Amino acid sequence: MLKFYDREFSSRLLIGTALYPSPKIMQDAIRAAGSQIVTVSLRRETAGGRTGDAFWSLIRELDVTVLPNTAGCKSVREAVTTAKLARELFGTSWIKLEVIADNDTLQPDVIGLVEAAAVLIKDGFKVFPYCTEDLGVAMRLVEVGCKVVMPWAAPIGSAKGIVNRDALRLLRERLPDITLVVDAGIGAPSHAAQACELGYDAVLLNTAVAKAADPVAMAGAFSLAVEAGRTAFEAGLMEARDFASPSTPVVGTPFWHAVS
């Protein structure tokens, strides 16, 4: 089972709610993914008016856990304020914390992120921080009280998949008791499977499903990929080798194949 703070879930695929061709397709895709947790932007919900009400109605029909985020925030103050508004609106202490340093790369402001996380945790929030794959940053987030860390695979929406595999592997090795979620940069089901094969507890994605030619079918594909990757990790993957190693035993080889 996947554990986030004091709650357990069976699905290891978290999915976003933006960019879909229609609300109905979004709803069908989330169902196909089997996701139990969806991320929602506070800015979309508060700016939507009646459209926001209809969107929220669709989310309630799915019977999923909502993880609001602070997407678009560029300062500690803005992120903390947005998180507090999200707690009031959605009735949850969970927050996906994003503090963005640059609009072009959407790279996290890791200094502001740690500061904001510390403030929110003291205020009773359960923080899900979006960060880079830097081990030092992840350790600081854990030190201030984060039980979940969400490093990117690649920049948001880039669809590049895992760019720094060694760094993500190191995070998993050094933070064995922390729930780790690969967040951002996933473009194909194979990328999600690779993340789970590394031992990551879950994958969070949005654009790869929402912008697919068939979002519903793609959501199903990601669900299968995450399950396959996790099963492979638990089964124990063989280590890569630099040289060939015969898979067929030589014992019992017919004598005429023997080399004199």
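The backbone N, Cα and C atoms fix where each Cβ goes, and this holds for glycine too.
Copied over from Swiss-Prot, here are the features:
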type: ACT_SITE; residues: LYS96; note: active site, schiff-base intermediate with DXP
type: BINDING; residues: GLY157, ALA184, GLY185, ASN206, THR207; note: 1-deoxy-D-xylulose 5-phosphate binding site
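All features noted in Swiss-Prot, drawn onto the structure.
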{"residue": "LYS96", "record": "active site, schiff-base intermediate with DXP", "contacts (Cβ under 8 Å, 6+ apart)": "THR39, LEU67, PRO68, ASN69, THR70, PHE128, PRO129, TYR130, MET150"}
{"residue": "GLY157", "record": "1-deoxy-D-xylulose 5-phosphate binding site", "contacts (Cβ under 8 Å, 6+ apart)": "LEU106, ALA184, GLY185, THR207"}
{"residue": "ASN206", "record": "1-deoxy-D-xylulose 5-phosphate binding site", "contacts (Cβ under 8 Å, 6+ apart)": "ILE15, GLY16, THR17, ALA18, LEU19, THR39"}
Q | Number of Cβ atoms other than its own within 10 Å, given for THR207 (1-deoxy-D-xylulose 5-phosphate binding site) | A | 18
Q) Neighbourhood of the 1-deoxy-D-xylulose 5-phosphate site (GLY157, ALA184, GLY185, ASN206, THR207): other residues with Cβ within 8 Å of the Cβ centroid, in order? A) PRO155, ILE156, SER158, ALA159, ILE186, GLY187, LEU205, ALA208
Q: Tell me whether LYS96 (active site, schiff-base intermediate with DXP) sits in a helix, a strand or coil according to DSSP.
A: strand
Q) If you count Cβ atoms within 10 Å of the Cβ of GLY185 (1-deoxy-D-xylulose 5-phosphate binding site), leaving out that atom itself, what do you get? A) 23
Q) Can you tell me the three-state DSSP label for ALA184 (1-deoxy-D-xylulose 5-phosphate binding site)? A) coil
Q) Given that the record lists GLY157, ALA184, GLY185, ASN206, THR207 as binding 1-deoxy-D-xylulose 5-phosphate, what is the largest C-alpha to C-alpha distance among them, in Å? A) 10
